[in-house]
Each structure stands twice: as structure tokens, then as C-alpha cells.
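Here is what Swiss-Prot records for this protein:
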BINDING   Gly33, Gly34, His35, Asp52, Phe84, Asp106, Gln113  S-adenosyl-L-methionine binding site
REGION    290-315  region 'Disordered'
COMPBIAS  292-304  compositional bias 'Polar residues'
Amino acid sequence: MKFKHTSVLLHETIDNLKPKNGGLYVDATFGGGGHAKYLLSKIETGTLVGFDQDEYAIKSAELNFADLLQPDSEPRLKLVHDNFSNLEQDLVKLGYSDGIDGIYYDLGVSSPQFDQADRGFSYRYNARLDMRMDQSQDTDAYQLVNTLSQKELADILYQYGDEKFSRQIAHRIVERRKDKPIVTTFELVDIIKEAIPAYARRTGGHPAKKSFQALRVAVNHELDVLQASLEEAIRILRPGGRISVITFQSHEDKIVKKIFKKYSEVEVPRGMPFVPDDMKPTLRLENRKPITASTSELENNNRSHSAKLRVAEKL
């Protein structure tokens, strides 16, 4: 499979990391390797470790970056087929236990995952309900849709997709599966359309968009994994090291903003004459407001419209 994908906020993400020769960097979401290729072009020496839980992305990278993966005294690129929640553990296995100089995340589903019909991510193609980033994972969208209670389904659709008709959709799903399991993406799309009022179906894009997003987030535990990974990444960053995070959904951005705030701001008790070392901030925000795509990128890459980039430096 060719894992072609147009990287969003390419220069902004990598340039803000300020990569330096000899550094150790982590691409937490390797995908098509666009950000990785640009970062490696900025340094003559140093190593990038690319993580991706998608087997197809790793196999594609092994072909497209074969010249950089050849073992030598100082490998330029190493690939890890794993979720970015296991950053430190996997880095130690590779022999990197002294921290990293930079890390970046490009969150969300990549274009090839949407375009590969049998992955079940998209409401545009008819396929078995799947939505697993990691194909070795047991739980998929089919299981959630056919086993969760009406309340659990409604909560997922509302919390992860901001779907205001979550209760109606969840009710219709539970009623339909009484007759037979809901197997395919198109079956689910039809159920969603039936549950949403006609006036709402005519506005705001595809009626199944929010529900499919919510199920994908739930299947892959995206928000829990993101929060745990960011905490770990900040801990293993060396002083002066930087972290860049691109988000596409409001709930993702809220998590990044909250964690960056937690480590960059200090609440000193009233009357305390100085700030103890264990209360001092460990991050400095590079940008108070998120960086967004330029006019040129917005015109050439539709995926960039909702992208937000936040950057911070380890103190």
C-alpha cells in the first residue's frame, strides 16, 4: 500500500522544534513521513524515531525510507510499530534512555486510512465497521455499535463527536440491532440519516460525519492515549527540548491546552516569598494562541482548515 499523505503545517511544526545536529527526535505519528522527511533534511546528524500503530504506515515507510533505515554507526531513522502511549518504554528498548530533544504529533486519521475502503473509517465507502488504527487490536467499531448500551452510545456520540442528536441516533441503533447486527458502514449511515431530522440533514456537511468521528475516537481510545502520551513526552524531554502538537478536533486541542497550561503555569500560595523548585514550571509556551494554516495552505490542502498547532519548550 502506498501511504501518500499531504502533511499539514509542515514547516511550522518542524521549524518550531528548532532541530539541531546530533539530536534525538520523535515522530509520534509517522504516517506518510512528510514531517519526518523535512526534519531529517534540516539536520546532518542525529536520529529520528518514528512511531505508528498502523501496520500499513510502517510497511510503507520501510519502502519509502529504506536508505535511511540501513544499519550503521549512527542510524538516521528508526521505526516503531506501536502506539505513542508507550514512548518511553519503546525508546528504552532501542537504547535511548537519556531523554529526547524534540517530539511532534500530527493527530487524527490520515488520508490513506480514509481512502482505504476496507478500513471502515469512512462513511463514503461501504465496508465492515472497523475503524481500528492498530489492526491487531481486538475491539472495533462493529463491537461498540452492537454491544454498548443506548446510554453508552449516546455519551460517545455526544462527548467525542459533539453530535446534538446523539440520543436519537443511539436509540435508532439499539432498535435496529434487535433484528440483526449492524455490520457495515452504509448500514450505520442509513440509521444515522433516519435518526436525524430532515432539516438538520440538509446543513452542516454529511449527517454521519460526527458519529463516525466519535466512534473512531472511542475505538482507539484516542483521548486517553493522547493525555498519557503528552505527560510522558514532557517528562522525557531534555531541557531546551520542544514539543509540537497538531490537533484537528476541539476535544483534542482542549487536552493539549490543558496539559501545556498545567506544566507552564504556577499557582503560588499567598504569602509564599519564593517559588520552591518542585513548584516551578517545567514548560514555556511558544505560542499562547495556536498556530493555524496560512492562506496558501488553506487553498491547497483542505485538511488544514481545522488544524491547530501548539508548541512548548522544556525548561
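Using the three backbone atoms N, Cα and C, a Cβ is placed for every residue, glycine included.
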Intrachain neighbours beyond the compositional bias 'Polar residues' (292-304), with Cβ under 8 angstroms and 6 or more residues off its ends:
6, 8-9, 111, 248
For the binding-site residues Gly33, Gly34, work out the Cβ neighbour count at 10 Å and name the residue with the minimum.
Gly34
For Phe84 (S-adenosyl-L-methionine binding site), which residues of its chain lie six or more apart in sequence with Cβ-Cβ distance below 8 Å?
Ala28, Thr29, Phe51, Gln53, Tyr105, Val225, Ser229
Secondary-structure category, per DSSP, in which Asp52 (S-adenosyl-L-methionine binding site) falls:
coil
On the three-state reduction of DSSP, what should I expect for His35 (S-adenosyl-L-methionine binding site)?
helix
On the three-state reduction of DSSP, what should I expect for Asp106 (S-adenosyl-L-methionine binding site)?
strand
If you run through the region 'Disordered' (290-315) with DSSP, how many residues end up as helix, strand and coil?
11 helix, 8 strand, 7 coil
Taking the residues the record says bind S-adenosyl-L-methionine (Gly33, Gly34, His35, Asp52, Phe84, Asp106, Gln113), how far apart in Å are the two Cα atoms that sit farthest from each other?
18
Counting only residues 6+ apart in the same chain, whose Cβ is under 8 Å from the Cβ of Gln113 (S-adenosyl-L-methionine binding site)?
Asp54, Arg119, Phe121, Met133
Within its own chain, what residues at least 6 apart in sequence put their Cβ under 8 Å from the Cβ of Asp106 (S-adenosyl-L-methionine binding site), listed in sequence order?
Ser7, Val8, Thr13, Thr29, Gly31, His35, Ile246
